[in-house]
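As annotated by TrEMBL, domain 'Cation-transporting P-type ATPase N-terminal' applies to 9-83. What TrEMBL lists as transmembrane segment is 56-81, 87-106, 251-269, 281-301, 693-714, 720-742, 767-792, 798-816, 836-857, 869-893.
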Amino acid sequence: METTETLKTAFALDAGEIAERYATQTARGLADAEVIRRRRVHGPNRLREHKTRSAFLILAHQFTGIIVWLLAAASVLSLVLGDLADAIAIVIVLLLNGAIGFFTELRAARSMEALMRITEVRTRVRRDGQVREIDAHELVPGDVVVLEAGDVVTADLRLVTVSNLFCDESLLTGESVPVAKQTASIAPGTGVADRTNMAFSGTAVTQGLGEGIVVATGMATQLGHISTLAEGADADASPLEQRLDKLGQKLVWLTLALATLTSLAGILWGNSVPEMIKTGVALAVAAIPEGLPVVATLCLARGMWRMAARNAIVTQLSSVETLGATTLILTDKTGTLTENRMSVVSYLLDGNDIEVTRDGSDVSFQVPGGGGDPAGSESLDWALRIGVLCNTAQPDLHDGGARIGDPMEIALLAVAGKADLTRTSLAADFREVRQYAFDPERKMMATAFSRNGDIVYAVKGAPEFVLEVSRSVLSDNGPRDMSERDLTEWRERSDHAASTGQRVLALAMKTAATDDEDPYEGLTLVALVCFLDPLREDVPAAIRASQDAGVRVVMMTGDHADTAAKIAQEAGLGTGTLKVMTGRDLAGIDPATSDEEMRAHVLQTDVFARVAPDTKLKLVSLFQEQGHVVAMTGDGVNDAPALKKADIGIAMGLRGTQVAREASDIILKDDAFATIIAAMRQGRTIFENIRKFVVYLMSCNVSEVLIVGIAVGVGLPVPLLPLQILFLNLVTDVFPAFALGLGRGDDETMSEPPRDPNEPIIDRKRWFLIGLLGGAITLATLSAFMLALFYLDLGADTAVVVAFLTLALAQLWNVFSVRRPSLAVVRNEISRNPYVWAALVLCLGLLAIAMGHPALADVLGLHWPGPDGMLLAVSMSFLPLVVGQIFLVLSYLRTSRGL
Ligand code: ATP
């Protein structure tokens, strides 16, 4: 059907020829059966195969690290030295290590890929005569795609209808000014940038409406041609993982040096050379924290899932950690803080106000105080009509009565419907000729209709902006001039309604001879409409939670200052009196040049009202310059630059545009502010968990190195056998570390100020804790070893068993020493973490098997150490726990009393 030749010339054909060539009908689209057939021919509409890491690659990755080579070398060495059992045991350790790494990484990779799929772009397409929303990868050539402002184009389209359609093609052409689209054919040979009758995959619709026939999908699109996107940006390791990786690498060299020194010292003290080489290798293997990045990845992936379950879809892994460090949230109002379930409560007309009252599904119009019947009022009649005519809400095809679109517009349709004014009933009189999409700068939208040979422009928008361009007012006796006094009066009425938290919109119109006038000039004001959009119930609590967490919340809305201030007040924003600024106040401010006083004023503001999209960008920069880590919510096409600039861009899943979604790091499925706070809590918990298991793993590893190092250094017998070290490393370290990584956090998580984003994972306090815990475990183990050797006279073999058991148990109990100092010794986030208990039971079980299974015990050099030996090991194993808890209590007292 489509060859490279036809693709090249799609823009040179006229709309009819294109439909014919692609065997489709613009009005009906393709039939389902045909879609299936074409998909078989053309494949899915994807630029690249979704980057799934194959299980084989993940498996291979497990055997590439230095650790594996060390283990393999150790195994070969054992074989050379004639120690078959050791050689086999090391191979088993190697395989087990690989298996754990493999399953962990596989799970993390798969769960992240599944999350990425949730965020796939959707597209509206006409098929079998109906407009449906489908996943963009299901598009086939010949499909008829329906576009509107805010959409990302998902295939190359030859446009067949457009209404004021503009596309941002900077991705393809580098030109940032949106291109106006049209439908006429263009001369063959025209360059991509000038093919104005095409909408290209990957570009964004910034304004207007349109429909086009898919002429190329997947790699056949222009984007496919120039695409070097070999892989998704999302798959990159997050900064946290990179930092952990670096930490791990540093430790590799340190450990290798220590292991070599220990081996040399042992040989100098007369131990057997092969034995010391094996000990050195085992030490190196044990002490290298090879699990760090893997556990961190698992932890982040798990956190992403938990966030997804709470309706926050994270598209960038690194956002999880940035969320934990966020210090300021710039939130919009409508739909995020409020319900976005609007209902019209009144119409303010020339001369009187009309209340809209509801009784069940019945709606009636009343003049307050019973002052007459509004039926027959010409201005009310026009107000209702404009509400229907200047409206882009569409009927929902899946639900007969419902509509899709802006809730404010749906509310207008609902009220007019009760007065029997619908699009269908008006269609006989009004034929639509043009639509002027909502202009976020001028805060108005318009439609033009032909009626009895005239053109009627129906306009709605923010009152200040509509009033500014209104020259007359519609009274029940027809239009009359708008005097200065009228203007002031209307402004006061609008402000009064806004100050009660209502959202106010102005409706206006004009009649002209042609349809090419500026629709926003010389208008006749018809009415102000007031909507009720209640605050979401959970918002005040969420705002309090963010304040407790040291995170400032600032409102940044396109709405009126008074409406915004009232809602902000109900939500509990700010401290003391609310500080409000409007877009006009901000107009002259440039973050780079404005003076200190002005800047300080802006930085203290709680509510920014009537802000234009470019002001949002300025504000984000300004707050960032002050050292804030900024999270910002947004939904419109024009919010995209600010969303990108913010440290965390948060887009709305329900009402947001695709463009905003593509530009952001987090998508709120329910649009709710409380979800941001829940996600932030997750972000903080994850970072805390990662810190916990790093401290845990490292203190365990330090103890292993110190025990063998010190013993060998001072000429004692070697207290741990190489295979024992490997066993401990595998059993006692890994499972509790995983359990810590899965913790759900605690109540304190959100009562601390945000973390400094530059703070290292392991700060000085934590290094000290690692040293202290590692030192305490070493002391306990060596003491147990020496007591068994010299006091209980249990013999060298049994003393080794006692040392092994002391170390194994002490490492298990050590998990309780990484708790938060401010929580109780017994009831804290660790003791409440069920995974920790499961890990302990599992590890104790494995230890019992290692001791009890004859063959295993033989290989590991283990046996029953007698009641005295056992008692000694168990009691000494608690020493580090006691030391750790004393330290935690002291450090808590020190910080809480400011000592
Ligand atoms: P927020 O920024 O908190 O989401 P908002 O919805 O009021 O609030 P915008 O979408 O920027 O912000 O709208 C700004 C103003 O423009 C609105 O307060 C309203 O007066 C007007 N407006 C919004 N949508 C439309 C529309 N579809 N038609 C006409 N006017 C609109």
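Even glycines carry a Cβ here, placed using N, Cα and C.
No curator has checked TrEMBL annotations; they are predicted automatically.
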Fill in: Winner by Cβ pairs under 8 Å against the transmembrane segment (869-893), considering only 56-81, 87-106, 693-714, 798-816, 836-857
798-816
Worksheet, complete the sentence: Rounded mean pLDDT within the domain 'Cation-transporting P-type ATPase N-terminal' (9-83) lands at 79
Practice prompt. Please give the sequence-distant neighbours of the transmembrane segment (836-857): residues at least 6 beyond its ends with Cβ less than 8 Å from one of its Cβ atoms.
Written response: 727, 731-732, 735-736, 738-740, 743, 805, 808, 812, 815, 830, 863-864
Worksheet entry | Dominant neighbour of the transmembrane segment (693-714) in 251-269, 767-792, 798-816, by Cβ pairs under 8 Å | 767-792
Discussion item. Let me spell it out: take the transmembrane segment (767-792), skip the flanking residues so only those 6+ beyond its ends count, and list any with a Cβ under 8 Å from a Cβ in it.
Written reply: 695, 698-703, 706-707, 710-711, 716-717, 719, 798-800, 802-803, 806-807, 810-811, 814, 817-818, 865, 868-869, 872-873, 876-877, 879-880, 883-884, 887
Worksheet item: Under DSSP, the domain 'Cation-transporting P-type ATPase N-terminal' (9-83) has how many residues in helix, strand and coil?
Response: 45 helix, 1 strand, 29 coil
